[in-house]
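S.K.: This is the structure, below, for whatever I ask next.
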Amino acid sequence: MVEGVAKTEAVKLTEVWQTTWETPYIMRLALSAGIGGLLFGYNTGVISGALLYIKEDFADVDQKTWLQEIIVSMTAAGAIVGAAIGGWYNDKFGRRISVLIADVLFILGAMVMVAAHAPWVIILGRLLVGFGVGMASMTSPLYISEMSPARIRGALVSTNGLLITGGQFLSYLINLAFVHTPGTWRWMLGVSAIPAIIQFCLMLSLPESPRWLFRNDRKAESRDILERIYPAEKVEAEIAALKESVLAETADEDIIGHSYSAKLRGALKNPVVRHGLAAGVTVQVAQQFVGINTVMYYSPTILQFAGYASNKTAMALALITSGLNAVGSVVSMMFVDRYGRRKLMIISMFGIISCLISLAVVFNEASNQAPKIDTWDSRKFATNATCPAFAPFTASHAPPSNWNCMKCLRSDCGFCSNSAEEYGPGACVVMSGDMKALCHSKGRTYFKDGCPSKVGYLAIVFLGLYIIVYAPGMGTVPWIVNSEIYPLRYRGLAGGIAAVSNWTSNLIVSETFLTLTQAVGSSGTFLLFAGSSTIGLFFIWLFVPETKGLQFEEVGKLLEGGFRPSLLRPATKPSEVEMP
């Protein structure tokens with residue numbers, strides 16, 4: 001801690017419930033704004049199941065990995081733009097208006113996807129939804145943060161994280177609900193319009209952030225809202241702190257200028273903003289490069305890599321990981337104001353790295369244990385159906401020993417399991433819808449994304465553990481940190497920069513995941529994520545301070561001189577030790 005910033009006591013969850021019970025208006029604000037998190041989670045999670053059925057309707061999507069990656073990652077691409085514009089828009093027009101615009105984008109995007117007749121229309125709809133996700137991802141936690149008393153701010157901002165994971169869980173439930181309904185993926189993608197309409201209606205009756213109002217010389221409105229949030233004896237102190245903050249920022253603005261470019265230059269010259277961005281961007285980039293959204297976007301596909309061939313089975317098993325993610329967000333609400341942001345993230349990162357290494361081992365073992373190719377079965381299964389890459393070996397009856405199911409799949413062919421024993425030798429055949437149907441008609445299972453494996457269940461176990469250690473720390477805390485470490489004048493701008501860094505990292509990870517798995521395999525891909533997570537852990541330790549329970553003004557004092565972890569601080573001289 002720096003001098004002048006007092007240490008805070010641990011905040012118990014009972015205090016959160018007591019405060020919101022006494023002032024239910026606070027929870028109403030948090031939940032209404034948090035629907036933006038629900039939409040964020042739903043629209044990023046729903047594509048994992050919808051993609052399986054989009055591939056069935058559009059042959060181009062099924063045959064082209066890059067097209068699948070574009071459909072999945074286009075929301076992240078749109079979110080980059082939405083977050084960048086949202087940062088400016090938040091400061092210029094307010095948090096509430098930004099939420100309303102995000103809702104309109106969600107509704108438009110859903111309508112476009114429902115009516116899509118070609119892959120490019122789906123991509124357009126995903127882009128529109130992405131604009132909304134980008135604005136919501138930085139506006140919802142910011143609005144909740146500025147509406148919350150400092151001591152329970154972390155827990156209330158965590159409601160946004162809870163609703164993000166709840167939205168992802170809901171998307172998996174909706175996916176399962178529509179698997180046998182005509183139009184499958186259209187229903188899955190279109191349902192997202194409903195919560196957007198609900199939030200739009202709710203936000204029309206809610207006020208603007210009191211901090212934004214005070215900053216824009218609407219002090220009477222600001223006081224009225226603060227009186228509904230804080231006990232009467234604390235309102236004056238809150239207004240005094242706001243006044244001091246705004247006076248300092250106004251003086252800074254008179255020197256720097258009022259244009260956006262001038263404001264950006266001023267932000268980068270401000271030591272509090274610079275040190276805040278070092279911390280905020282670090283946690284946002286680290287959150288993505290642990291590989292979380294490969295799990296959220298491609299969870300059913302990953303489970304198919306592990307040998308679960310059925311779309312419905314893979315989606316049902318993926319529901320476990322999304323459910324654990326939601327549970328982890330509740331854990332975050334319980335502990336983030338008690339044990340702190342920094343500690344939760346560091347513990348979370350250690351768990352993430354361990355799970356990623358374990359997943360790499362599991363997928364490597366699954367690949368090594370893949371069933372062998374039956375030469376006779378591959379030749380006789382159907383006329384001209386033998387995998388072209390394997391066909392030369394069938395004539396000599398001497399296929400190389402390394403030809404197994406995994407080698408077959410990497411040759412762009414399919415593996416039709418032996419009807420008597422799924423884990424035994426099977427046929428390596430051409431990849432096509434007709435061949436899949438023929439394989440199923442003979443009571444066999446057709447694999448094209450992953451091979452049957454006796455250790456496949458371990459992939460579910462470690463994916464579950466990965467989510468359990470991710471959600472309470474790296475899942476929710478980065479958004480909490482970014483909602484509270486920037487000065488009021490630069491909060492929208494700096495929050496937008498951090499959100500752009502998050503979505504840019506998200507885009508890189510989601511756009512390259514399938515390509516990486518083809519190039520280095522599932523095992524190598526998870527090992528790469530373990531390496532990037534280790535780098536992220538180091539930078540979190542180096543740049544991110546503890547901000548639990550601090551007023552916004554105290555956070556500014558903490559960051560003004562720059563944060564250094566205790567191991568890098570100079571030793572305290574005996575004369576500098578405070579006397580009791």
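Heads up, the Cβ atoms here are built off N, Cα and C, so glycines get one too.
TrEMBL: automatically predicted annotations, no manual curation.
TrEMBL lists these features:
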- 29-548: domain 'Major facilitator superfamily (MFS) profile' (DOMAIN)
- 29-54: transmembrane segment (TRANSMEM)
- 66-85: transmembrane segment (TRANSMEM)
- 97-116: transmembrane segment (TRANSMEM)
- 122-144: transmembrane segment (TRANSMEM)
- 156-179: transmembrane segment (TRANSMEM)
- 185-206: transmembrane segment (TRANSMEM)
- 314-336: transmembrane segment (TRANSMEM)
- 342-363: transmembrane segment (TRANSMEM)
- 455-481: transmembrane segment (TRANSMEM)
- 493-514: transmembrane segment (TRANSMEM)
- 526-544: transmembrane segment (TRANSMEM)
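Could you give the neighbours, burial and distances for every feature on this list?
M.R.: If one looks beyond the transmembrane segment (29-54) by at least 6 residues along the same chain, the residues whose Cβ comes under 8 Å of a Cβ in the stretch are 61, 68, 71-72, 75, 99, 102-103, 106, 109, 119, 122, 126, 129, 132-133, 136-137, 139-141, 143-144, 147-148, 156, 159-172, 174-176, 179, 184-185, 188-189, 191-192, 195-196, 198-199, 202-203, 206, 293, 296-301, 311, 314-315, 318, 322.
Below 8 angstroms of C-beta separation, residues 43-44, 47, 51, 54-55, 60, 102, 105, 119, 122-123, 126-138, 293, 297-298, 496, 499-500, 502-504, 506-507, 510-515 of the same chain, each at least six residues beyond the ends of the transmembrane segment (66-85), sit close to that stretch.
With a threshold of 8 Å between CB atoms, the same-chain residues lying at least 6 positions outside the transmembrane segment (97-116) that come near it are 33, 36, 39, 43, 82, 86, 89-90, 122, 124-133, 135-136, 139-140, 143, 186, 189-193, 196-197, 199-200, 203-204, 208.
Sequence-distant neighbours of the transmembrane segment (156-179) (same chain, 6+ residues past either end, Cβ-Cβ under 8 Å): 16, 20, 26-27, 30-31, 33-46, 48-50, 53, 140-141, 144-145, 147-148, 185, 187-188, 191, 195, 296, 311-312, 315-316, 318-319, 322-323, 325-326, 328-330, 332-333, 336, 471, 475-476, 479-480, 483-484.
Long-range contacts of the transmembrane segment (185-206) within its own chain (CB-CB distance under 8 A, at least 6 residues past either end) are made by residues 28-29, 32-33, 35-36, 38-39, 42-43, 46-47, 49-51, 53-54, 57, 96, 99-100, 103-104, 106-107, 109-111, 113-114, 116, 122, 125, 129, 132, 167, 171, 174-175, 178.
Within the chain carrying the transmembrane segment (493-514), a Cβ under 8 angstroms from the stretch's Cβ atoms is held by residues 65, 68-70, 72-73, 76-77, 79-80, 82-88, 90-91, 134, 137-138, 142, 263-264, 267, 273, 276-277, 280-281, 284-285, 287-289, 291, 293-294, 297-298, 301, 478, 482-483, 486, 525, all 6 or more beyond its ends.
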S.K.: Report the listed stretch (314-336, 342-363, 455-481, 526-544) having the maximum count of Cβ pairs within less than 8 Å of the transmembrane segment (122-144).
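M.R.: Checked against 314-336, 342-363, 455-481, 526-544; highest Cβ contact count belongs to 455-481.
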S.K.: Which listed stretch (314-336, 455-481, 526-544) has the most C-beta pairs under 8 A with the transmembrane segment (342-363)?
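M.R.: The listed stretch sharing the most Cβ pairs with the transmembrane segment (342-363) is 455-481.
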S.K.: Is the transmembrane segment (526-544) packed against any residues at least 6 beyond its ends, judged by a Cβ distance under 8 Å, and which are they?
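M.R.: Long-range Cβ neighbours of the transmembrane segment (526-544): 278-279, 282-283, 285-286, 289-291, 294, 341-342, 345-346, 349-350, 352-353, 356-357, 359-360, 363, 481, 516, 520, 563, 565, 568.
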S.K.: Restricting attention to the domain 'Major facilitator superfamily (MFS) profile' (29-548), give the mean pLDDT.
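M.R.: For the domain 'Major facilitator superfamily (MFS) profile' (29-548), the model's average pLDDT rounds to 85.
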